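If you look up Swiss-Prot, you'll see Asp322 marked as active site, proton acceptor. Taken from Swiss-Prot, the feature phosphoenolpyruvate binding site covers Lys31, Gly103, Arg131, Gln177, Arg353, Arg397, and the record attributes it to sequence analysis. Annotated 3-phosphoshikimate binding site per Swiss-Prot: Lys31, Ser32, Arg36, Ser175, Gln177, Asp322, Lys349, in sequence order, evidence recorded as sequence analysis.
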Amino acid sequence: MHKEETFNQCALTINGYKSEVKKTYELPGDKSVGHRSLLIGALPKGEYKIRNFPQSRDCLTTLKIMEELGVKVKVLKDYILVNSPGYENFKKKIDYIDCGNSGTTSRLIAGILAGVGVETNLVGDKSLSIRPMKRIVDPLNSMGANIEMEKDHMPLIFKGNGELKGIDYTMEIASAQVKSCILLAGFLSEGVTKVRELSPTRDHTERMLKYIEGNIKIENKEIEIENSTIKSKDIYVPGDISSAAYIIACAILGEDCEIILENVLLNENRRKYLDLLKKMGANLKYLEKNQCNGEHVGNILVKSSFLKGISIGKEITPYIIDEIPIISLIASFAEGKTIFENVEELKYKESDRIKAIMVNLKSLGVKTELVENNLIIYGGLSKINKEINIRTFNDHRIALTFLCSAMRNSEKTYIDNWDCVAISFPNSLNYFKDFFRIN
């Protein structure tokens with residue numbers, strides 16, 4: 001059982017690029033922080049404001065689910081006002097909860113549902129319904145949850161046990177979503193939960209829990225959490241650093257571009273793709289300005305650049321998992337080859353992103369190889385200059401990535417389904433119209 005896709009399959013045609021762009025931008029709120037501003041921000045009882053909440057389809061899905069649990073949300077001009085009854089008073093029985101396309105929503109809310117003891121069926125769309133869930137169900141059930149599923153996929157049937165015990169858990173894969181699920185369930189459990197990471201992953205959950213004064217301790221790769229008194233606090237969602245990647249790519253690939261992105265999330269783990277682009281030779285600088293709810297925020301300056309290929313080790317891959325498609329495209333226009341180590345997790349995203357990258361780069365004339373889970377991009381492409389058809393595989397990051405290829409194509413670029421971009425970057429054409437001639 002799954003919810004059917006709702007995309008309208010609307011194609012997009014790009015009629016070439018603009019050679020010069022000089023502009024300053026502010027971006028919609030970061031999707032990862034946006035999810036957590038509700039999922040974690042609404043755990044304590046009380047009222048708070050969220051500024052710059054992203055309007056992406058995934059984040060709106062999270063908002064709807066929190067309302068179903070009993071959280072009241074009022075959308076005002078400059079912020080959204082959240083009034084939460086507190087996790088102790090969340091509704092305990094809901095027929096089903098639909099996570100749409102959002103893997104983050106499904107895995108994080110699963111930890112909360114298990115910890116609170118909600119009886120429900122957790123479902124998603126066709127894409128989400130084939131993504132692996134055993135990785136969260138097994139640790140939750142070992143804590144005392146009662147969750148059933150068929151094979152490794154949604155729907156997840158929560159029996160509403162609600163009496164979890166802390167767990168000592170060593171991560172089997174590098175996944176911020178799995179880690180976050182266990183930490184949230186651990187916070188809502190009796191006793192201490194310890195999570196050990198094989199390699200570090202994104203830490204937005206830890207930062208947000210610490211911001212609302214949760215009892216969480218972090219030492220090297222071990223995280224320890226237990227239930228404690230927490231407080232409602234206002235949250236500002238910095239500009240989305242993942243969406244920024246596509247605008248940055250357009251500027252790098254452009255002939256004469258210079259852009260500034262203001263008030264962007266500069267979390268140390270999330271900005272690693274910027275460091276990789278700098279290593280490749282990108283004319284790129286970022287400057288931290290301040291902190292908001294435990295996250296670093298600042299500005300990014302980018303200019304058109306000539307790049308060289310690099311090798312990206314497996315220890316870096318978990319940090320840049322969402323940016324590998326766009327770095328792969330940029331690497332196609334770099335001198336030499338670029339190697340991404342241990343990219344297997346890309347198979348389990350909204351699409352098989354390894355396949356999507358290789359299929360579309362081939363259509364551009366770029367040679368790629370997959371050798372023992374290492375993705376190799378052979379650069380050297382200068383211009384495309386032919387009509388190309390991009391297959392998005394209904395994946396927002398693939399659509400956004402290969403839109404950027406049009407910065408080197410004087411002919412038409414056709415994208416088969418642009419509507420899927422609403423998952424993460426709605427109204428993105430308001431930004432990209434500065435770079436492209438768009439039908």
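Cβ coordinates come from backbone N, Cα and C, glycine included.
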Write out the long-range same-chain contacts of Ser175 (3-phosphoshikimate binding site), meaning residues 6 or more apart in sequence whose Cβ is under 8 Å from its Cβ.
-> Arg135, Thr201, Pro318, Glu345
Between the two most distant Cα atoms of the 3-phosphoshikimate-binding residues Lys31, Ser32, Arg36, Ser175, Gln177, Asp322, Lys349, the distance in Å is 20
Lys31, Arg36, Arg353, Arg397: which of these binding-site residues has the highest Cβ count within 10 Å of its own Cβ?
-> Arg397
For the residue listed as 'active site, proton acceptor', the closest of the binding-site residues by C-alpha position, picking from Ser32, Arg36, Arg131, Gln177, Arg397, is Arg397
Taking the Cβ of Lys349 (3-phosphoshikimate binding site) as the centre, count every other Cβ atom within 10 Å, in any protein chain shown.
-> 21
Tell me, by DSSP, whether Ser32 (3-phosphoshikimate binding site) is helix, strand or coil?
-> helix
Between the Cα atoms of Gln177 (phosphoenolpyruvate binding site) and Ser32 (3-phosphoshikimate binding site), find the distance and write it as a whole number of Å.
-> 10
